Amino acid sequence: MHSSALLVLLCLWPAAALGPSDADHAGVCPNQLNLHLWVDAQSTCERECHSDQDCSSSEKCCTNVCGLLSCVASRVSDGSSEGQWAAGGSGGSAVSCEGFECRQQGAVCELWEGQPVCKCQDLCGSEPSFTCASDGLTYFNRCYMDAEACLQGVELSEVTCRFHLSSPNSSPLPQDPTPPPAPTDADTQTSAPTLYSSPQQQVTYLGGTVSFHCDVIGQPKPEVTWEKQSDEQEQVVMRADQMFGNVVITSIGQLVVYNAQVWDSGIYSCVARNSAGVLRADFSLSVVSHADQDFFDDPAAGLPLGRPFSPADCSAAVERGDCGEKRVDWFFDPARGSCHTFTHGGCEGRNRFHTFEECRASCQREGQAVCSLPAVQGPCRHWQARWFYNSLTERCEAFLYGGCSGNKNSFGTRRECDAHCPTHRPRPCRSCRHRGRIMDTLCSSDFAIVGQLTELIQELDSGMARFHLQQVLRDEKMGLQLFRTQHLEVLLPQVDWSCPCPNITQLQLPLLVMGVVQDGAAILLPHSYARPVSERRLMKIHEALDKNICGTLRRLQD
């Protein structure tokens, strides 16, 4: 036992003798502390390092998915600091966080192995105090904003809340000819998402690592999600800081595929949304086997020197027969006018290509896919007002072009854009109707409130409305009166924003809102009640509630 203790002391002595500048930084890499923090440790391939000394004092040099090392925020083990200090302290001298300053917003001091270190705060109060931040998001309170700033390693500030009460595209479009707009301060004007540079198409060998960066810009900062296009399985929405098999979405919205397999080939779509609009950009990945010796035989053309090719091959039926090992290749779809992946059993078909670029160069006519390209601003600052066709909204929209490194989905006028791309013609909207009489609706609803709409967030086919509560008329499941709730967030899970029901996009008066509660969340369905309130209608509802009309109706139904 004495020899074991002596061995421990001998092992600890060299580390204690090292100066602060020679030792590793305090803490551990996120994935060493908790496997669920793996993505955070892999969050970037850009801040390369060789040791902890290349990073700031609150960071560690950790492994990333690119096979290199990157600086990331160090982590400490919750509740372990006292035990570590009790075992490792010397001379009984008290070490504390007093006077130790954490410069990163949202970081707090804790003891780690007897030394004060900074860590991101992970506990915030439950009292709501909605805080609008400079990243365009609204946080439950300021503590949550500070914690997010620490996790991202950035600075966030509280800003004046901006409420978006109208449809993203309801403002009148600029008239032709469009005058060149003057650049404006991004903090004072919203702008729909645009790409800084055009999407890149990539090819990798089996087992390789590739990454796609959706360098989207916009105000407020767009939220980035990824989807892999597939006709054979349901599409999965991939969000930041998540891992899907061998695919990782980093904290900056970068998609990384490591140990690439043939089934990873395909088109990965980046979807960027903010309150001003939505954008989609497609990135193609082709995974080829080392057995395909001829793949890079013609580096100048980038095409393999294989079988003879005929233009008729592009319209040939896809051969999916079973002739051996399953493979994933590309084919040209004449109906969609673009290239896509398909799985086959190794049979030699005519409409079959190893890579997206081979398929595109062989079959896709010049200008055929222009209308599916995203809006690209480019790195220059010679601002021009241009128009592009948005394949998600199916209409031409204005964007700000920097003057260089764009693409062909950029037109000088709206008329030119409409003539080149198939613009969607909106159908006339029918008036929204709720089911039954107002008293029946009141009694069948889980909640009924009178509130002022303060914020409306619109997604592609869903949304969220925030109300400032003025009266709680009925509440069966949420305890709004018990907790003295002042704000209520209501989910809109099924909305056609071209003809929304209930239509609250243009209403700025106090509303009478009735809906249901599912899993603790307030929800408005297409047939739910949401209309401006009148004193007369409100008086009748109060009278009905005082007389317990809902209880009477329930007994009659039973």
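Yeah, the Cβs are placed from backbone N, Cα and C, and that goes for glycine too.
Swiss-Prot has this to say about the protein:
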- 184-194: compositional bias 'Low complexity' (COMPBIAS)
- C29-C62: disulfide bond (DISULFID)
- C45-C66: disulfide bond (DISULFID)
- C49-C61: disulfide bond (DISULFID)
- C120-C150: disulfide bond (DISULFID)
- C132-C161: disulfide bond (DISULFID)
- C214-C270: disulfide bond (DISULFID)
- C314-C363: disulfide bond (DISULFID)
- C323-C347: disulfide bond (DISULFID)
- C371-C421: disulfide bond (DISULFID)
- C380-C404: disulfide bond (DISULFID)
- C429-C499: disulfide bond (DISULFID)
- C443-C550: disulfide bond (DISULFID)
- 114-163: domain 'Kazal-like' (DOMAIN)
- 193-286: domain 'Ig-like C2-type' (DOMAIN)
- 314-363: domain 'BPTI/Kunitz inhibitor 1' (DOMAIN)
- 371-421: domain 'BPTI/Kunitz inhibitor 2' (DOMAIN)
- 167-194: region 'Disordered' (REGION)
Most Cβ pairs under 8 Å with the domain 'BPTI/Kunitz inhibitor 1' (314-363), selected from 114-163, 193-286, 371-421: 193-286
Residue among disulfide-bonded residues C62, C323, C499, C550 with Cα closest to the Cα of C363 (disulfide bond): C323
I'd like the per-state residue tally for the domain 'BPTI/Kunitz inhibitor 1' (314-363) from DSSP, helix first, then strand, then coil. 10 helix, 22 strand, 18 coil
Using C443 (disulfide bond) as the reference point, find which of the disulfide-bonded residues C29, C214, C323 has the shortest Cα-to-Cα distance to it. C214
Which numbers of helix, strand and coil residues does DSSP report for the domain 'BPTI/Kunitz inhibitor 2' (371-421)? 9 helix, 16 strand, 26 coil
Within 10 Å of the Cβ of C499 (disulfide bond), how many other Cβ atoms can you find? Include all protein chains, please. 14
Tell me whether C61 (disulfide bond) sits in a helix, a strand or coil according to DSSP. strand
Measure the Cβ-based neighbour count of C270 (disulfide bond), defined as the other Cβ atoms within 10 Å of its Cβ. 27
For C404 (disulfide bond), nearby residues of its own chain (Cβ under 8 Å, 6 or more apart in sequence): G378, P379, C380, H382
Around C443 (disulfide bond), how many other C-beta atoms are within 10 angstroms of its C-beta? 21
Express the distance between the Cα positions of C347 (disulfide bond) and C314 (disulfide bond) as a whole number of Å. 17
Integer Cα-Cα distance in angstrom, C62 (disulfide bond) to C314 (disulfide bond): 47
